[in-house]
Amino acid sequence: MTTNTVSRKVAWLRVVTLAVAAFIFNTTEFVPVGLLSDIAQSFHMQTAQVGIMLTIYAWVVALMSLPFMLMTSQVERRKLLICLFVVFIASHVLSFLSWSFTVLVISRIGVAFAHAIFWSITASLAIRMAPAGKRAQALSLIATGTALAMVLGLPLGRIVGQYFGWRMTFFAIGIGALITLLCLIKLLPLLPSEHSGSLKSLPLLFRRPALMSIYLLTVVVVTAHYTAYSYIEPFVQNIAGFSANFATALLLLLGGAGIIGSVIFGKLGNQYASALVSTAIALLLVCLALLLPAANSEIHLGVLSIFWGIAMMLIGLGMQVKVLALAPDATDVAMALFSGIFNIGIGAGALVGNQVSLHWSMSMIGYVGAVPAFAALIWSIIIFRRWPVTLEEQTQ
């Protein structure tokens, strides 16, 4: 049974399976944001010191995405997914057993290795397995898995960490990954590598100024977001002075708003990706600039989080669609670069937030993040006027 002859129901079921896998991977990527204080207390460290773990994870993904993708470019995709899930699960067992912060970081590097491959191939696989004419909706479903990781995975992981210890959070993620692995084995067909590209693809991609401009925009806007987002949990408790339960609720609200962004993109993304991305960057800029002023009210922070979540989902989806549209002949290479560049931004933002918190004041993370957000807004306006990309419509 091939991906071309199955019913629409089976095709959607396979996409949903990938969306569940995306939920699992993004839960483990995001969940340390809600556990920094608990992990710091466990190892008798400062919260900002533990936060460097976010940078290490992200930069390992950034460094290894392209090499791993090229090393596995000829590997059948179902087998590859199974292997990376085995690494993912084993690494979470080590996280659960971590007897020092160093061991925890090593276990997270193992997770990052699996992550590097997963996000290099997932978007293109979702498009391959989607029913005819439903590629944008398939990408939106994968993004919904990402959003659910924030709206359910991150808060639930935080709650588990609060009541049973942060180690149980990682153990539970490992169990969830095992169940997902069994579903992948059952549901996915053989998936020969297609349009994966090779090192020969790199010079071709690098000669596409529109694509390179999207990559630059990605790293700048993601740096802006993660400068503040990485430390939102200690910010809410230590700067705003609100309870740990409110911090959990705020993370849930921000993630839930991402689902709204996913729905908006599913309806408008095919025709208006450029406008949506620029508008979302402007919205992110406003949210970051107002983060500290909004900290005097739970309601203000809640409303801000809704718009923040919508903005980041629109940005992430819009960038992804444009990358796929601008590199249809080497989707896996292009997405490996995108994943790596995205994680450079995550690591850079977490590092900036770390340095601001240690050497200045955690209260300033929003203002500092607004600086690259403003630069990203200007750059997006410039590049979308110079290269008014409509190619995303051709991928549908």
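Just so you know, glycine gets a Cβ as well, placed from its N, Cα and C.
Since this is a predicted model, take the numbers as computed values, not measurements.
The transmembrane segment annotation in Swiss-Prot covers 15-35, 50-70, 81-101, 103-123, 136-156, 170-190, 209-229, 246-266, 275-295, 299-319, 333-353, 364-384 and is backed by sequence analysis.
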Contact between the transmembrane segment (246-266) and the transmembrane segment (136-156) (at least 3 Cβ pairs under 8 Å, separation 6+): yes
The transmembrane segment (209-229) in contact with the transmembrane segment (364-384), cutoff 8 A, at least 3 CB pairs, sep 6+: yes
Stretch-level contact, the transmembrane segment (299-319) and the transmembrane segment (15-35), CB cutoff 8 A, at least 3 pairs: no
Stretch with greatest number of CB pairs under 8 Å, the transmembrane segment (50-70) reference, 15-35, 81-101, 275-295, 333-353, 364-384 candidates: 333-353
Remote residues contacting the transmembrane segment (81-101) - C-beta distance under 8 A, at least 6 residues beyond either end: 21, 24-25, 28, 39, 43, 45, 50, 53, 107-111, 113-115, 117-118, 121, 167-168, 170-171, 173-174, 177-178, 180-181, 184-185, 188
Beyond the flanks of the transmembrane segment (333-353) by 6 or more, those residues with Cβ under 8 Å of it: 51-52, 54-59, 61-66, 68-70, 116, 119-121, 123-124, 196-198, 201-202, 205, 211, 215, 218-231, 319-320, 323-324, 326-327, 365, 368-369
Maximum Cβ pairs under 8 Å to the transmembrane segment (15-35) - stretch from the list 103-123, 136-156, 170-190, 364-384: 136-156
Chain residues in Cβ proximity to the transmembrane segment (103-123) (below 8 Å; excluding those fewer than six residues from its ends, i.e. six or more beyond): 18, 21-22, 25, 28-29, 32, 39, 43, 53, 56-58, 60-61, 64-66, 68-69, 72, 77, 80-81, 84-85, 87-88, 90-92, 94-95, 97, 139, 142, 170, 320, 324, 331-332, 335-336, 339-340
Beyond the flanks of the transmembrane segment (136-156) by 6 or more, those residues with Cβ under 8 Å of it: 15-16, 18-27, 29-31, 33-34, 122-123, 126-127, 129-130, 248-249, 251-252, 254-256, 258-259, 261-263, 265-266, 269-270, 309, 313, 316-317, 320-321, 396
